[in-house]
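Novice: Annotations per Swiss-Prot:
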type     : residues      : note
DISULFID : Cys83-Cys144  : disulfide bond
DISULFID : Cys95-Cys142  : disulfide bond
DISULFID : Cys188-Cys239 : disulfide bond
DISULFID : Cys272-Cys309 : disulfide bond
DISULFID : Cys276-Cys313 : disulfide bond
DISULFID : Cys287-Cys299 : disulfide bond
DISULFID : Cys328-Cys362 : disulfide bond
DISULFID : Cys332-Cys367 : disulfide bond
DISULFID : Cys340-Cys352 : disulfide bond
DOMAIN   : 62-159        : domain 'Ig-like'
DOMAIN   : 260-314       : domain 'TSP type-1 1'
CARBOHYD : Asn236        : N-linked glycosylation site
CARBOHYD : Asn361        : N-linked glycosylation site
MOD_RES  : Tyr568        : phosphotyrosine
REGION   : 402-931       : region 'Required for netrin-mediated axon repulsion of neuronal growth cones'
REGION   : 694-712       : region 'Interaction with DCC'
TOPO_DOM : 41-380        : topological domain 'Extracellular'
TOPO_DOM : 402-931       : topological domain 'Cytoplasmic'
Amino acid sequence: MRKGLRATAARCGLGLGYLLQMLVLPALALLSASGTGSAAQDDDFFHELPETFPSDPPEPLPHFLIEPEEAYIVKNKPVNLYCKASPATQIYFKCNSEWVHQKDHVVDERVDETSGLIVREVSIEISRQQVEELFGPEDYWCQCVAWSSAGTTKSRKAYVRIAYLRKTFEQEPLGKEVSLEQEVLLQCRPPEGIPMAEVEWLKNEDIIDPVEDRNFYITIDHNLIIKQARLSDTANYTCVAKNIVAKRKSTTATVIVYVNGGWSTWAEWSVCNSRCGRGYQKRTRTCTNPAPLNGGAFCEGQSVQKIACTTLCPVDGRWTSWSKWSTCGTECTHWRRRECTAPAPKNGGKDCDGLVLQSKNCTDGLCMQAAPDSDDVALYVGIVIAVTVCLAITVVVALFVYRKNHRDFESNIIDSSALNGGFQPVNIKAARQDLLAVPPDLTSAAAMYRGPVYALHDVSDKIPMTNSPILDPLPNLKIKVYNSSGAVTPQDDLAEFSSKLSPQMTQSLLENEALNLKNQSLARQTDPSCTAFGTFNSLGGHLIIPNSGVSLLIPAGAIPQGRVYEMYVTVHRKENMRPPMEDSQTLLTPVVSCGPPGALLTRPVILTLHHCADPNTEDWKIQLKNQAVQGQWEDVVVVGEENFTTPCYIQLDAEACHILTENLSTYALVGQSTTKAAAKRLKLAIFGPLCCSSLEYSIRVYCLDDTQDALKEVLQLERQMGGQLLEEPKALHFKGSIHNLRLSIHDITHSLWKSKLLAKYQEIPFYHIWSGSQRNLHCTFTLERLSLNTVELVCKLCVRQVEGEGQIFQLNCTVSEEPTGIDLPLLDPASTITTVTGPSAFSIPLPIRQKLCSSLDAPQTRGHDWRMLAHKLNLDRYLNYFATKSSPTGVILDLWEAQNFPDGNLSMLAAVLEEMGRHETVVSLAAEGQY
């Protein structure tokens, strides 16, 4: 009997003690109520049972081995839902909160050989009629509930839907005719269906695989992009949508890639068609470079050009009449001549035939012959000997003079070399022997430059209007020359020393120093206020340069999992780091580097810079430039002219631009005015000395680009110089109208002060401001007080562009002889945080962000997806950039984070999602601080 109980317990998955409590104890109660005889009969049975039962370990909750999965009813075919759990005494299905009848369950039960626990598997069948009979907003769903002695466990919900696929596409592709290498976009929105249809594209009935042909790209919302149209891309394209129910094809869109014809080069001019007189010449070209294809336009213009020509007629030469016979000569002949000039041959005409000279005997053969005289021969021999002797004497004298001069020349060279310490030989007199402190080493010498190099500007380039300089004078250039023996030339000023050195040597020194400055590592900035460093992993973070408007957002997931990068962002203030500017171009942002260069990124980082361009982009052509490894500046993208191949995206806000890039490099934003209405913002800041013990008092008016970093640099400079801010800085719109900036001072109390300005105003040339290449550009007004007792200064400063806008500053300051503390309120001392890492760097919590991406990345039939989010956030200028990313919503939210850093306006984001019909309550809770 005990064996039977154990077998029953094993089959049911129950412990022996539990089974005995359930079966034996009630039997004992019944037996005790019967007679004693019956009790005596069963004594043997109870004597066989132990007095106490061992306690089995507690049974675990049921664990689902198989949970029901979502299913689709195709046509009228029912679907089966399966569920398996262990240990489980019972499993039932609950559909739409109602229990499914026991008879509708198909149960399979077995014992796991390893654990000895009961494994129960249940299935039910769902018909189309059951699903259609459900009323309400929620889809038909079912879930399993499993029991054991320890309790119950519920499975996940499995939704059962009726599968279908509409016949009509919501948007079908349209045929296009495009030129060669143009980007092509074919749009397709598949029919509504459950489950959502998968989309593929056919090219002439062949499936397009973007992996095999990288010229094709299929976006996340099913559009087909041909990056650069080729002749082979001329074809019929079809959008195919399919799911488990059906397969639909859109109408065919024909893409024709045409080639406009181009002229070949002109052939050579033909010869004039007239051999005598007026005619014409012609040259031809053909429309074959390239020839028009697929309906491309034929070449415009003429294929033949003709010009008039005149060919001079040939003139044959004719003889003039014979001249008279000459007198009879010693040889008893006389002659006569004629010329071929009546007319002379011209333009290819024939020359005259015959003799030019004609001679004949003039004595009729009676001429006398004389023998040569011996005296004449002796005379000729004497002359030859005399000439030979003279030539020999001349050669000897010349050789002697040459050797003497050659020895003197070598001596001069040695002396010159000694004076110059091994430099190029120059002619220096003996009176200048005091130039060297010790005798130089003539065997080895070298030149070394010590000290800073400054650009040499002509005085005529400055603003010639007052004795108060607009720009502070540059320090003198000092150069030392060292030789191998340690002798040093005295420190002369630039003009004197340049006269001793050759121009080539001076230029070489300057160029070498500039090259050394250029090759310095970008990450080793000496000024920590211009650089931010940080260590980041896949959680991302933020790098901020305080008070500069420059930051770098590293989104979560941008750095590959398992990698750690030492990243930096730095502002370059040296002029040799700025890109070259053309006439109408201007620098709109500081030059900023981010690194490390070449780092592998899996999604774009966002570099934020303050810019000084007026928001009206129609007057601007704004382009992003980056500096290559060789130091050359290259164009990256023009705002408004992006295409599929552009590596960066620029979001231009009113005061900042956000650069989305996967390439860490050196960047700058350059603007080119397309109209004279284009304007850039200037920041006008006025400074004066913190203390003044003399009669003169200088006021400096800075005209800066309206960026935080430009003002920060001037504030730091003035703090070092002991200056103070006299008035709150003001902005000025400076138009590209080629008009100068005019500065003037008014309403001075003449009984206390007098201006040393000779003219009524000062002007800064237009191009000095517009190019943006001159840092810390300022103008100085020097006032003189008539007495040291005068401590109050009241005046007005007017700064305006000629025929443009202006600003007026009302100054009312106290002149102190004792220095006081420098107060620069525009530099926020609390802004010392440069690095924020991990989730704390972002406003949107990571779980909420993941939910938003999963719900908005997939295209929706009503458009309530990432495209509408971009439109609501005003980030929809070029949606194709986001469409090429694996998670468009994630990139849009990254850009929103960069725009709203550091505050983060989550309530605004929640309101946008509410307008889209996305009731993201978690975002609302986070906006209210309840997350």
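The backbone N, Cα and C atoms fix where each Cβ goes, glycine too.
In the displayed structure, how are the listed features positioned relative to their neighbours?
Specialist: Cβ-based neighbour count (10 Å, all protein chains) for Cys144 (disulfide bond) stands at 27.
DSSP gives Cys142 (disulfide bond) a strand state.
Cβ neighbours within 10 Å of Cys188 (disulfide bond), excluding its own Cβ and spanning all shown chains: 24. A coil conformation is recorded for Cys188 (disulfide bond) in the three-state DSSP classification, outside any helix or strand.
Classification of Cys272 (disulfide bond) by DSSP places it in coil, neither helical nor stranded.
In sequence order, Thr311, Leu312, Cys313, Pro314 constitute the residues six or more apart from Cys276 (disulfide bond) in its chain with CB-CB distances below 8 Å.
Annotation note: Cys299 (disulfide bond) sits in a coil segment as assigned by DSSP.
Around Cys362 (disulfide bond), the C-beta neighbours below 8 angstroms that are at least 6 residues distant in the chain are Trp325, Cys328, Gly329, Cys332, Thr333, His334. In the three-state DSSP reading, Cys362 (disulfide bond) counts as coil.
Under DSSP, Cys332 (disulfide bond) is assigned to coil, being neither helix nor strand in the three-state scheme.
Every protein chain shown contributes to the tally, and the Cβ of Cys340 (disulfide bond) ends up with 18 other Cβ atoms within 10 Å.
In terms of DSSP helix, strand and coil, the domain 'Ig-like' (62-159) has 8 helix, 53 strand, 37 coil.
Using a 10 Å Cβ-Cβ cutoff, Asn236 (N-linked glycosylation site) registers 13 neighbours.
When secondary structure is read from DSSP and collapsed to three states, Tyr568 (phosphotyrosine) falls in the strand class.
Counting residues 6+ beyond its ends, the region 'Interaction with DCC' (694-712) has Cβ neighbours under 8 Å at 468, 529, 545, 547-550, 571, 587-590, 609-612, 680-688, 718, 723, 726, 729, 731, 741, 743, 745, 753, 756, 764, 769, 772, 775-786, 788, 793, 797, 799, 811, 815, 826-827 in the same chain.
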Novice: How many of the residues that make up the domain 'TSP type-1 1' (260-314) does DSSP mark as helix, as strand and as coil?
Specialist: 0 helix, 17 strand, 38 coil
Novice: What whole-number Å value do you get for the CA-CA distance of Cys299 (disulfide bond) and Cys272 (disulfide bond)?
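Specialist: For Cys299 (disulfide bond) versus Cys272 (disulfide bond), the Cα atoms are 27 Å apart.
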Novice: Check each residue in the chain of Cys272 (disulfide bond) that is at least six apart in sequence and keep those whose C-beta is under 8 Å from its C-beta; list them in sequence order.
Specialist: Gly279, Tyr280, Gln281, Cys309, Thr310, Thr311
Novice: What residues, ordered by sequence, lie under 8 A Cβ-to-Cβ from Cys352 (disulfide bond) and sit at least six positions away in the same chain?
Specialist: Gly317, Arg318, Trp319, Cys340, Pro345
Novice: Between Cys239, Cys299, Cys313, which of the disulfide-bonded residues has the fewest other CB atoms within 10 angstroms in the structure shown?
Specialist: Cys313
Novice: Measuring Cα to Cα, how many angstrom lie between Cys142 (disulfide bond) and Cys188 (disulfide bond)?
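Specialist: On Cα coordinates alone, these residues lie 35 Å apart.
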Novice: Would you mind pulling the DSSP three-state label for Cys340 (disulfide bond)?
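Specialist: Note: Cys340 (disulfide bond) is coil by DSSP, not helix or strand.
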Novice: Taking the Cβ of Cys287 (disulfide bond) as the reference point, list residues of the same chain whose Cβ is under 8 angstroms away and which are at least six residues distant in sequence.
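Specialist: The list for Cys287 (disulfide bond) reads Gly261, Gly262, Trp263, Ser264, Phe298, Cys299, Ser303, given in order along the sequence.
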Novice: Among all chains shown, work out which of the disulfide-bonded residues Cys83, Cys95, Cys142, Cys328, Cys332 has the most CB atoms within 10 A of its CB.
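Specialist: Buried the deepest by this measure is Cys83.
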